[in-house]
């Protein structure tokens, strides 16, 4: 409205009361302010969506990549890709890929736990059971695709040894030293269940070997061993399915006591630190890189063996499982330091049981679908070491108490077995049966 006063004109502007409306998206973005005037016109502040997304991405990057102590090994991932692209040499590709798998395996375990916070205990337990040994399973699939059955068997056998002797042994050793004035106790029920399943898996590995020894070599023996292995694998998977039902449904209290103790002490710190979809996207990305590096590892292991003068068996049985079990190893030791042996046992024994009763028979059945002849015969030396490992682990856990000497004995057993496979050379007739392997040579061959 305008009014005149002499030579001057005065303009009076009437502004209707403004109403401030706040909205928030379900994605957790910051509040957006919308200003509405009396005539219905709307004004909004400058768009900050891009800045908010960038901030959220940087926060997730810090939590997923930089929060782990193994983050110093993440540069090995692009180095492995660059080494492959520019053909630096297969031993370099193998070395960088092996280093890059360690932080990826640890982060997959972390992301699986984050997703489990949103899915509930049942689905979360199944997810942990599926992704707990994702690195070993992916390496096994690539080895199977490239028809390197020896690498597949060696890596799975080594993973069981690593969990039962190295991971469990170092946890008992460190926990005993940290709590040397206390008597460390744990619930035997969980250990008994896992020991029974490991003995069942040992029986399924032992029978094909005994069948070969009784029937002798020949096409009929190979056919019978293969059929026995496939049937045994089906029953092993059924037994593992029963174990999952036992663990998550019917006898859940056997496995929940240690989790409740951890939740009481750590409180809200056990909750999710990133969103569900963020964790899922990061998990998919990490799995893709694990698949890529696993393909590099399987494709270059023989060249690395020749160049470094280390047998394929030692690399597959000792080095690969140590990388794949990095997450279990670190977590189990941390819980043992806190005098939570039930959780340490659940990590080590649960992972070994999963490899023996799920991953191994699953690979046999997948090989059957791919028309690849893979049986459960892990040869005499490997099966003997596996039997000894399961028996000494069962004896170690039979009384429900622990001290540092038990852990030291398990670790020493692992070192001795590792030394055995370091000096062990694959016989020439077995080398001839695998066309991709060359005789062992190198600086330590003499």
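Every residue gets a Cβ built from N, Cα and C, even glycine.
Record features (TrEMBL):
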- 92-248: domain 'Sodium/calcium exchanger membrane region' (DOMAIN)
- 279-422: domain 'Sodium/calcium exchanger membrane region' (DOMAIN)
- 154-180: transmembrane segment (TRANSMEM)
- 192-211: transmembrane segment (TRANSMEM)
- 231-250: transmembrane segment (TRANSMEM)
- 271-293: transmembrane segment (TRANSMEM)
- 313-337: transmembrane segment (TRANSMEM)
- 349-372: transmembrane segment (TRANSMEM)
- 378-397: transmembrane segment (TRANSMEM)
- 404-424: transmembrane segment (TRANSMEM)
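In summary, the transmembrane segment (378-397) lies against the transmembrane segment (154-180): three or more C-beta pairs, each 6 or more positions apart in sequence, are under 8 Å. Residues 28, 56, 60, 63-64, 77, 80-81, 97, 100-101, 104-105, 107-108, 111-112, 114-115, 117-118, 131, 134-135, 138, 142 of the same chain lie 6+ residues outside the transmembrane segment (271-293) yet bring a C-beta within less than 8 angstroms of a C-beta in it.
The transmembrane segment (192-211) is in contact with the transmembrane segment (349-372), judged by 3+ CB-CB distances under 8 Å for residue pairs 6 or more apart in sequence.
Long-range neighbours of the transmembrane segment (154-180) within the same chain, counting only residues 6 or more positions beyond its ends whose Cβ lies under 8 Å from a Cβ of the stretch, are 133, 136, 139-140, 143, 198, 312-313, 316-318, 320-322, 324-325, 328-329, 332-333, 335-337, 339, 341, 344-345, 347-349, 351-352, 355-356, 359-360, 363, 378, 382, 385-386, 389-390, 393, 396, 402-411, 413-414, 417. Note: the domain 'Sodium/calcium exchanger membrane region' (279-422) comprises 120 helix, 2 strand, 22 coil (DSSP; helix = H, G, I, strand = E, B).
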